[in-house]
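**Q** Structure below; questions to follow.
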Amino acid sequence: MLAPSFVLLSLFVASGFGKLYEDVADLPCLNYDFVIVGGGTAGNVLANRLTENPKVSVLVLEAGVSNEGIVPSEVPFRLASLFAPTIWNWNYTSTPQTGLLQRTLAVGRAHFLGGCSGHTHGDQGWSWKNLYPYFLKSEKWSPPADEHDTTGQFNPAVHGKSGPISVSLNGYQYPEFASKVIATTKQSPNDWPFNLDMNSGKPLGVSYLQSSIGDGERSSSATGFLGPTYISRPNLHVLLHAQASRLVNSTQTPPFLPTPARAGKLHFGGVEFQFGNTLYTAQAKKEIILSAGVIGSVQVLQNSGVGPKATLAAAGVPTLLDLPSVGQNVTEHPTFFIVWSVNSTDTQEKVTNNATAFAEAQAQWDASRTGPFVTSPLGTHVGFKRLPANSSAFAAHGDPQPNPSVPHLEFIFIPGGQLSSTIVLPANATNFMSIAVSLRAPISRGSININSNDPFAHPLIDVGLLKEESDVLALKDATAMALNFAAQPAWKGYIEQLITTGLDDATIETTIRSIASQSFHLSGSNQMSPVGASYGVVDPDFLVKGVSGLSVIDVSTLPVITAAHTQAVTYAFAERGADLVKKRWNL
């Protein structure tokens, strides 16, 4: 049983230093200019940028633990273990997926500080030209851990130099495998052209993989935007173990609020959150910013009475604002792995299948931030391609990406076979390679909805993978492309056997539905749309439609899922979001 809610109305008093708080009792107050719900990819960017002004006070409410000491969050190669059921993961489970033969998915969302670190609708503020500087703003290009010569592996002109997030090329090499990937681009330049830099705004082709890694460690919004230089600001406080439950103090907009509050609309002045077994309320003098992610931000809105009326009624939550799009438009990149056994010992299995080698690699990383663990497990190269113009995937809905420079598909080339949880690796083979095949322009949509008035109960999560037959047809074409890649002369004598079965015409659609999974790029549940649109949750300035003093700034606001990984996009969205918040409050 939760204790009664406590509300502290004291004015903000700057402490001698800002910091991470492990106990709510240590906070100097619960009244701030801005209250940010969620210390993840977007939330920490906002906290950093808003507190650049020493007169602005910010409280970040983070439900999880500190990122410090979480080895998989620091060691690049051990990234995958973050998605296993642990205290670092929200441990959500999807509803049975109709497009995946009724399989359920473990929907991994980070539960620690740092989080899971296109379509403009005619708003030129969201054009590539205007958004590109925000990509650069957060980035600091860094040399790889092994300090190898990177000439011809990226374009320095398209990268940021002084942002908080380190980005680099792989710092540990698998030269035999990597050389064959590059050889394939030379042998088949029409199908698989080499692209010097996938992050130039022109992603089509095969590029060297770039990751948010610096000095051999993973770089996240927590390590970057809440690093020692920033967390010491006296006007920035971060409270851990504080899970937001709902928005409170709902009224019509008080007359004393300035223009940005948009007078006459529903207004929330505080955030109720649980710490231990007690509920507290943090007050926001200017604005509440939801950055709790694609699931968490929906939960807070719906638990507060903002969402589809029928959904709220079924959950026993009174409707304050019928906003039908909250929790809808959920989109994910469906992905599966094609695996081969290979005639090589220079694969990831030399570490993953050998306990002694694994321990030695960890010891090397601990001592010098070098060795196999400084590199992401996601391979050496990445390729982006479009579907052919006559693809059967376009028959029902047309081309979802009509811009000829935007990809439909992504292929990640990996010197190992350990990442796929749906492929059984044979005992008589010890070394593998794989190609992750991913649809970057899916038609299928899912939803996230509460089904209880308990604000801490997990919602119903329908990822929506492969609901539309056109998505399966697109992945069928993608499979043929991946097999074509592996059939090039460069792989002769290296590839031994195809391990992924059922890829023939008679069974491939069933196979795809049997082995496809998520990319952990869930987005779109609080869709951005034009001002005055009959759909959507937030306007292009991130303010929630029909509500004053409340914005959502995170990956949930993507109007259409990006044809790329979502982390860099989230950083850019948050950077621009911070500028928009500053502008509307004249900061």
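Numbering starts at 1 and runs along the chain as it is shown here.
Glycine is treated like the rest: Cβ placed from N, Cα and C.
TrEMBL feature annotations, pasted as is:
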{"type": "ACT_SITE", "residues": "His521", "note": "active site, proton donor"}
{"type": "ACT_SITE", "residues": "His565", "note": "active site, proton acceptor"}
{"type": "DOMAIN", "residues": "120-334", "note": "domain 'Glucose-methanol-choline oxidoreductase N-terminal'"}
{"type": "DOMAIN", "residues": "442-574", "note": "domain 'Glucose-methanol-choline oxidoreductase C-terminal'"}
{"type": "SIGNAL", "residues": "1-18", "note": "signal peptide"}
**Q** Restricting to the chain of His565 (active site, proton acceptor) and a gap of 6 or more, list residues whose Cβ falls under 8 Å of its Cβ, or answer none.
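**A** Expected: Ser519, His521.
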**Q** In DSSP terms, helix, strand or coil for the residue listed as 'active site, proton acceptor'?
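**A** In three-state terms, the residue listed as 'active site, proton acceptor' counts as coil.
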**Q** Would you list the DSSP helix, strand and coil counts for the residues of the domain 'Glucose-methanol-choline oxidoreductase C-terminal' (442-574)?
**A** 41 helix, 22 strand, 70 coil
**Q** What average pLDDT is reported by the model for the domain 'Glucose-methanol-choline oxidoreductase N-terminal' (120-334)?
**A** 89
**Q** Validating a neighbour-count step here. Other CB atoms within 10 A of the CB of the residue listed as 'active site, proton donor': how many?
**A** 22
